[in-house]
Each structure stands twice: as structure tokens, then as C-alpha cells.
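A.B. asks: Before we start, here is the structure in question, set down as C-alpha cells.
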Amino acid sequence: MKTFIFLALLGATVAFPIDDDDKIVGGYTCSRNSVPYQVSLNSGYHFCGGSLINSQWVVSAAHCYKSRIQVRLGEYNIAVSEGGEQFINAAKIIRHPRYNANTIDNDIMLIKLSSPATLNSRVSAIALPKSCPAAGTQCLISGWGNTQSIGQNYPDVLQCLKAPILSDSVCRNAYPGQISSNMMCLGYMEGGKDSCQGDSGGPVVCNGELQGVVSWGAGCAQKGKPGVSPKVCKYVSWIQQTIAAN
């Protein structure tokens, strides 16, 4: 999950966006069909993840925006055709109107599929949250992002990571002045486990509900620098209203 990479150079902290997706570091290979709501956003290559929330709509991160996107559903090994995948072009791509590319606030986006997906054991929707999650809640993060905190290793097979939501105070202390009321941190303060480049836009699912979207962080799996996600619970009304209007 990293739209931002923070580098400490000569005592200065520099933040800049990167055109890469987030990945899973320190996780494990997901079992086949265990994350049926996970989608791959493709523009000739996998560049971000997303979550199917009904047969025709996907939630992803606003920083994953491209003018043309093919949504790939039912994927497990993205390097080969395994049968059962569904490739559907995006008909509409709608970033949150208050998305801020500098602060990465409101980093959420909706994608309307040009035709409804066929729902089955490989492709199914994840529920939107009924309420916001408590600190300590365990969540599942998944994606095809980088699996190394230093260097690169992009897996073909979907990777998973279980990680807890951290308290707001821990989150704000990790990123002073950068955490809005719309954001939450999750992961491990000791480092070693995180999302990373290539996982951006992908799901953070807690107790069967989509509570987060892989968004940003300082590097990947670095000590004291957990992953940051928008709180999907803050956007349920916007999601429902946008779907109804489109």
C-alpha cells in the first residue's frame, strides 16, 4: 500500500507519489478462491487491486486512476489463463470529489463495469461496512504487489496478510500531521509485514466487511511505519449515492 514513499535524506523527509501498486510483504499465498471479491486492474499489465461490491461496481483507490481500465475478476495466478476469469472494461471511473493527491486524503474511487459480472464461487461481492471498526480488529489484506521491503519480487499468485487495525493515537504518532479523520493505520509497528507497491486499491476486509483500501505508507513493512487506508465506513453514503446516480 504505498502511494507515498518517504525518504530520509540529509535529515529531510521527502514525500512523492509513485506510479506503482502496493504489495504484500511478510504474508502468505492465499488459498484458491478464498478472496473472490479481489480484482486486478489492468492497463496492459496489473497495476492496482480493487474490490467487487456488487455485480457491476468495484471500489479501489483514487490514486490508481487511469482513463482506461480493464477489470479482471476471478484471477488467482495473473500470469496464466486458468479458466473462469472475467475481463470487463470499465464504463465509468469516478474518483471521490474531495480526493487530494498531495495529502492522499479521500483516496477512494468507484469503477462501474461495462456489463455485470457473473457471480459464482470464484467471483463474488464483499459487503460494505455497517459501522467503523475498532482498534485491534483483525483484517485480511490481499494483492499481487511486491513481496520484498527492499528490492522487487512481484508474485503471479495472489498473496494474503492478516493485520490488525491500530489505534488513532498510534497512527497519528507514526505519521505526525499526515493522518486525517478519514484515515486509519493497520499492520505491525515492529515492521516485517505490510502491503506494498502493486497492492494499492486492494481490499482490507474485517469481519466480512470492506473496511479499507490499500493506500499509502512510508516504504513497505518498515518499523514504526504501518500502512494507511481510507476508512471505507466514512464513504458508504457517497458510494451508495454515486451508484444510484450512475
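Glycine residues also receive a Cβ, built from the backbone N, Cα and C atoms like all the rest.
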A.B. asks: Swiss-Prot pairs CYS132 with one of CYS30, CYS233 in a disulfide bond, so which one is it?
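C.D. replies: Partner cysteine, according to Swiss-Prot: CYS233.
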A.B. asks: Let me make sure I read this right: Swiss-Prot says CYS206 forms a disulphide bond with another cysteine. Which one, out of CYS48, CYS64, CYS139?
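C.D. replies: Checking Swiss-Prot: disulfide partner of CYS206 resolves to CYS139.
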A.B. asks: Going by Swiss-Prot, tell me which one of CYS185, CYS220 is disulfide-bonded to CYS196.
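C.D. replies: In Swiss-Prot, CYS196 forms its recorded disulfide with CYS220.
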A.B. asks: Taking each of the recorded positions ASN77, SER200 in turn and counting other Cβ atoms within 10 Å of its Cβ, which one has the fewest?
C.D. replies: ASN77
A.B. asks: Just give me the nearest neighbour of CYS139 (disulfide bond) among the recorded positions GLU75, VAL80, CYS132, SER200, Cα to Cα.
C.D. replies: CYS132
A.B. asks: Return the average pLDDT for the domain 'Peptidase S1' (24-244) as a whole number.
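C.D. replies: Mean pLDDT, the domain 'Peptidase S1' (24-244): 95.
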A.B. asks: Taking GLU75, GLU85 as the binding-site residues to compare, which has the smallest set of other Cβ atoms within 10 Å?
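C.D. replies: Across GLU75, GLU85, these binding-site residues, the one with fewest Cβ atoms within 10 Å is GLU85.
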